Amino acid sequence: MGAATAAVVLVLGATGASAEQGPAPVQSQARAFSVGGMLVSYDSDAVSSRGDDDPQRSFVASADLSKLGVGLSTGALTAEARGHQAQTTVADLKLLTVLQMQNVRTWCNGADGGSAGLDFTRGSLLGKTFAVPASHQELGNSTLIKVELDTVTRDKGSISAKGVVITLLGGNDPARTLTPTEKELGKGLAGLLGAPAKAQNATTVGSLLGALGVSAGAPGDPVLQVTVGAVSCALEDAPAKDEPTTTAVPTTDEDEPVAPATPVTLQTAPTPEVVPYRLGVTG
Amino acid sequence: MSGVANHTLPRPPRTRARRTSRAVLVGWASLGVITLLAAILGIGLLVGGAPSPVRPGGGSATLAAPAVDVASLPESTTWTSVDGAPTDPAPEGLTDGRVVHPVRDTVVHDAPDGRPIARMPAKQIGDTWLPVIAQQGSWMQVLLPSRPDASTGWLPAADVESAATPYRIAVHLKSRTLDLFQDGTRLARWTVGIGKPSAPTPTGRTFLLGAFSDDQQKYSPVILPLGTHSPTHDTFGGGPGTVAIHTWPTSDVFGTATSDGCVRVPADALKRLAQVPLGTLVSIDNA
């Protein structure tokens, strides 16, 4: 079939986080991200390129993550891809006490025009529960750290989804004091990346960015992005290609800069037509 | 692994090519899921054509559904009551604006892959449009127009057309005001009439169910019924106690609690609200 799908359980990627501090455009490059000299890279992707007869699956136990010094507590991670379908699962996602989700599944299916999404059985951010969103949703209400759920994008030949994306945004005044929410989110982000304690104790934007080793960046641009669950599926009716049409492994030096994802755009619902009808209402 | 095993990739549709890989798939999927899908498939092949032919697990390819006597299910309309419908888990919550229109009469389930509880007609007062409050895989949870109030149900995504409404309507009972929002920005606020203490306007989130004219109800040229009902009137004026937004011939009712549950709005408000897509969320609170 020439179909191709790819799934990545955990993607830790820096988006243009230049080693040089300064106002360099953060989308000018992308490279693997490191903290304290630790290159975070997992052999946890699954790529299927020969249709339904080429099921691929990878599995990462939580113990493997802890060995790498990543402060992400999970039950287990799986990545599966087969033909035009792919999914990742995380049994129990705990980002310290900040973000907790259970049975997180990010999936896509290239059949029937393509569909993709995120589901989970329980989610809470800073102790506040949230439900499975109907579509893309942002949490956190911060100009510094953005938590996004269910980011679905599609192009001519594929549909992709990112389950949970935590983005550190640029352009914030370094001297600004972190809000309580940002402080907690910052702790979580630092913990996820195995950052030193000073990052977890940061009280200003500048001290947090410095501890994480990233630049201030331009306003609104992502200077650091962590993705849990990224999948991409070729559409079944798309022209067959010799090479996999999609990948979702932004952990190499050749990665394109990660632009803010655009949720699937829906058409506006129609204006209602007034119809003759008989219904007694409550006056 | 806990519940993760149940999220194994679903089987692809039974095409000739894919049947050859069945042995591989058995190893791929958990035994429980495969067994369930095989049962669904087996039954579905016998009864093909049933509504809601969506398999579990988030895919969008279709399998025939289990045998469901659709005709035996109650319709979910403003006139009916549906037993076993899940209650809205967040009656004070908002949505992202997604609304869906059943493209055919569709079976409503009490959970993704759950028990059939009702039948949602594609048309009731004009086209049926319902707000989506959650999604799980290829299933969408929507607010229902039937009693009891705050009922919800799950529809297979394959059976609905999706769209978005940028609008939201907020009715504040204490201040007796109605706000119209577009993309989160308030476009207008009107002083409105609400239900009297003995027949209060119910709180919670509901939606614009329709737009109709009724020559028997001359107080308003257009009536906008909501997907909610009076908590005190089982019937009213020959109807099932449906709460609606409409205007009133005299302006002295605005700012008062004198209706039997309906929200009475000025004429210019009605004209504006009648242009808002069906399915648009209406939040009613005590603010």
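Placement of Cβ uses the backbone N, Cα and C atoms for every residue, glycine included.
Note: TrEMBL annotation is automatic and uncurated.
Look at TrEMBL and you will find B:1-20 (among others) tagged as region 'Disordered'.
Sequence annotations record features per position, and here TrEMBL assigns transmembrane segment to B:23-47.
Non-local neighbours of the region 'Disordered' (B:77-97) in the same chain are 108, 110-111, 115, 117-118, 121, 124-125, 131-134, 141, 143-148, 150-153, 164-168, 203-205, 209, 225, 227, 229, 239-240, 242, 281, 283, 285; each lies 6+ residues outside the stretch with a CB under 8 Å from one of its CB atoms. Residues or ranges marked as region 'Disordered' by TrEMBL: B:77-97 (among others).
Marked as domain 'L,D-TPase catalytic' by TrEMBL: B:167-285.
According to TrEMBL, the active site, proton donor/acceptor annotation covers B:H246. B:H246 (active site, proton donor/acceptor) falls within a strand when secondary structure is assigned with DSSP.
Packing around B:C262 (active site, nucleophile) is summarised by its Cβ count: 29 other Cβ atoms lie within 10 angstroms of its Cβ, all protein chains included. Residues or ranges marked as active site, nucleophile by TrEMBL: B:C262.
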C-alpha spacing of B:H246 (active site, proton donor/acceptor) relative to B:C262 (active site, nucleophile), in angstrom: 8
For B:H246 (active site, proton donor/acceptor): intrachain residues, at least 6 apart, with Cβ closer than 8 Å: B:Q217, B:Y219, B:S220, B:V222, B:I223, B:L224, B:C262, B:V263, B:R264, B:V265, B:L270
Per-residue pLDDT averaged over the domain 'L,D-TPase catalytic' (B:167-285), given as an integer: 94
